[in-house]
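J.: What TrEMBL lists as transmembrane segment is 24-45, 65-88, 95-112, 118-139, 151-169, 175-196, 260-283, 295-315, 322-344, 356-379, 391-412, 424-442. Positions annotated as domain 'Major facilitator superfamily (MFS) profile' by TrEMBL: 27-446.
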Amino acid sequence: MESASLLDKQEEARTTPSSFTHGVLLSTSVAVAGSFCYGCAMSYTSPAQSKIMEELGLSVADYSFFTSLMTLGGMITAAVSGKIAALIGRRRTMWISDVCCLFGWLAVAFAHDVMLLNIGRLFLGFGVGLISYVVPVYIAEITPKTFRGGFSFTNQLLQCLGISLMFFTGNFFRWRTLALLSAIPCAVQLIGLFFIPESPRWLAMYGRDQELEVTLTRLRGENFDVLEEAEEIRETVEISRRESQSGIKDLFHVRNAQPLIIGLGLMLMQQFSGSAAISAYAASIFDKAGFPINIGTTILAAVLVPQSIVVILTVDRWGRRPLLLLSSTGVCICSFLIGLSYYLQKPGEVQTICSVLLIVGIIGHVSFFCIGLGGLPWVIMSEIFPVNVKITAGSLVTVSSWFFSWVIIYSFNFMMQWSASGTYFTFSGVSLVTIVFIWILVPETKGRTLEEIQASLVRFS
C-alpha cells in the first residue's frame, strides 16, 4: 500500500508543476515588457503637454488630437489583433507591436512638426492595440493553471509601473528624452523574443505536435511529464474550433441581448468614469487646480504600484459584483471631491482645503478604479458570452472600449475649458449611473461555471 501511494505521489509530481520554472519566468518577463511600454504610452502625454505645446506651437485642439491618436490606432489594431495573433503566432505579433512602438517613439522624439508627431503617436497606438490583446493571452497560455492568476496580474502591474515611471521621470527629463527612454522596454522585448518559445496553444492549432511537446518541456521543466498536458491542449483547441464558427449575426440574437448590454455598458462606464483622462492629463489637472505639478505627479507615481500589488493579493477573495459596486461608489465620491475642489477654488485658506480635496480625490479615484472598474469588466466579458460568439463579442467589446477611451481623451481638454468642476461632477454622475447599472444587470460570476452563468442570463432575459 505504501509503495502504491508513493507511486501515485510521484505520478502527480510529474503531471502537476509544484513551482514555476525559469522558462515561464523569462517568457512572462519578456512579454510584460510590452505592458510596461503600454503604460508609458498611456501617461507620456501628461508630463510632455506644456513643453510640446510651447515648442511646436500646438493649440489645445491640436494637443488633444495628438493625445487621442493613440486610442484611434489602438482601436484599429484591436479589431484585428485576435486574427493576427492566430495567423502568425503570439511571438511574431509582439514583434510587430515592438516595431510599431519603436518607430512611434522615435518619430515623437525627433519630431519638429505636428505631422511627424501625430504619425508617431498613431504608430504607438497600432503597437499598444496589439499589446493589449496578445500579452495577456500569451501569459495565460504559457503558465501552469496553478499560477495563472498571479502571472496574469503582472500585465496590469507593469502597466501601472510604466505610468508611474512617466509621472516621476517627467519631472526631470524633457519630452524628447522621455520618448527615447520609453523606447527602451520595446527594444528589450524585441531582443528577448528571440529567447522565448511560441505559445503551446498556437502550436497545437497548427498541428505542430513535436514543437508543442518541446515547448512544454522547456516551460514545465525536464522532470515534468508533458504528454498529458499536450493532449489536453489539443483537445481544447479542437473543441474551440468546432464551437467558434458563429459570426456577427449570432452575436445579435435575442438570447445574447443581456450579455451584450452588460459587456458594452461596462466598457462605456469604465471609460466615462474619467480614469483615462487622469493618466493622459494628470499634470494639467494639477496645474488647473493650482497644485504643484511635481508634487502631485510624484505622489501619484508613489501610490500606483503598491496599490496595484495590494489589489493583486486581495482581489480573488471578493466577488465581482461587490468589487464593482465598491469601485463605482469610490470613483463616484472621489470624482465629486475633485469637482468640489475646483468649484470652491479661491485664494487663501480655502485654497489649502481645495488642494487637499484634489489630491485625496485623485488618489482615491485611481485606487478605487483599479480595484474594480479597471480590470473586472474584462473578466466578466470573458465569462458571460457563450463560446460560439466569444471571439466576435470580444472583438466588438474591445473596439468599443478603445472608441469610448478616444471620446474621453479627445474631449477632456475642451470639457475642462468649459468647466473643470462641471467635468468631474459629470464623471461623478456617470459613476452613480454605473452603480445602478451593476446593481440591476450585472450577475455575480465568482464560483459559478460558465454554463451556469450563461443559463442564468438566458432565464433573466
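Cβ coordinates are placed from backbone N, Cα and C, and glycine is handled just like the others.
How buried are these features, and what lies next to them?
T.: Beyond the ends of the transmembrane segment (24-45), by six or more residues, the same chain brings 63, 66-67, 70, 94, 97-98, 101, 104, 124, 127-128, 131-132, 134-135, 138-139, 142-144, 147, 151, 154-167, 178-179, 182, 185-186, 188-189, 192-193, 195-197, 219, 276, 279-282 to within a C-beta distance below 8 angstroms of the stretch.
Long-range contacts of the transmembrane segment (118-139) within the same chain, counting only residues at least 6 positions beyond its ends with a Cβ under 8 Å from a Cβ of the stretch, are 27-28, 31-32, 34-35, 37-38, 41-42, 65-67, 69-78, 81-82, 84-85, 90-91, 93-94, 96-101, 103-109, 111, 148, 151-152, 154-155, 179, 186, 199, 398, 402.
Sequence-distant neighbours of the transmembrane segment (260-283) (same chain, 6+ residues past either end, Cβ-Cβ under 8 Å): 42-43, 45-47, 49-50, 67, 163, 167, 170, 251-252, 293, 296-297, 300, 328, 331, 335, 362, 365-366, 369, 373-374, 377, 380-381, 384-385, 393, 396-397, 400-401, 404-405, 407-409, 412-413, 423-424, 427, 430-431, 433-434, 437, 441-442.
For the transmembrane segment (356-379), same-chain residues at least 6 beyond its ends with a Cβ under 8 Å from one of its own Cβ atoms are 156, 160, 263, 266-267, 269-270, 273-275, 278, 282, 285-286, 289, 291, 296, 299-300, 303-304, 307-308, 311, 315, 320, 323-331, 333-338, 340-342, 344, 424, 434, 445.
Outside the transmembrane segment (424-442) by six or more residues, the chain places 258, 261-262, 265-266, 269, 272-274, 320-321, 324-325, 328-329, 331-333, 335-336, 338-339, 342, 361, 373, 380, 415 with a CB less than 8 A from a CB of the stretch.
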J.: Counting Cβ pairs under 8 Å that sit 6 or more residues apart, are there three or more between the transmembrane segment (391-412) and the transmembrane segment (65-88)?
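T.: Checked: the transmembrane segment (391-412) vs the transmembrane segment (65-88), in contact.
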J.: Any residues 6+ beyond the ends of the transmembrane segment (151-169) with a Cβ under 8 Å from its own?
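T.: Residues packing against the transmembrane segment (151-169) from afar: 20, 24, 28, 31-33, 35-44, 46-47, 135-136, 139-140, 143, 178, 181-182, 185, 279, 282, 297-298, 300-302, 304-305, 307-309, 311-312, 315, 370, 374-375.
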J.: Kindly state the mean pLDDT of the domain 'Major facilitator superfamily (MFS) profile' (27-446) in the predicted structure.
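T.: On average, pLDDT over the domain 'Major facilitator superfamily (MFS) profile' (27-446) sits at 86.
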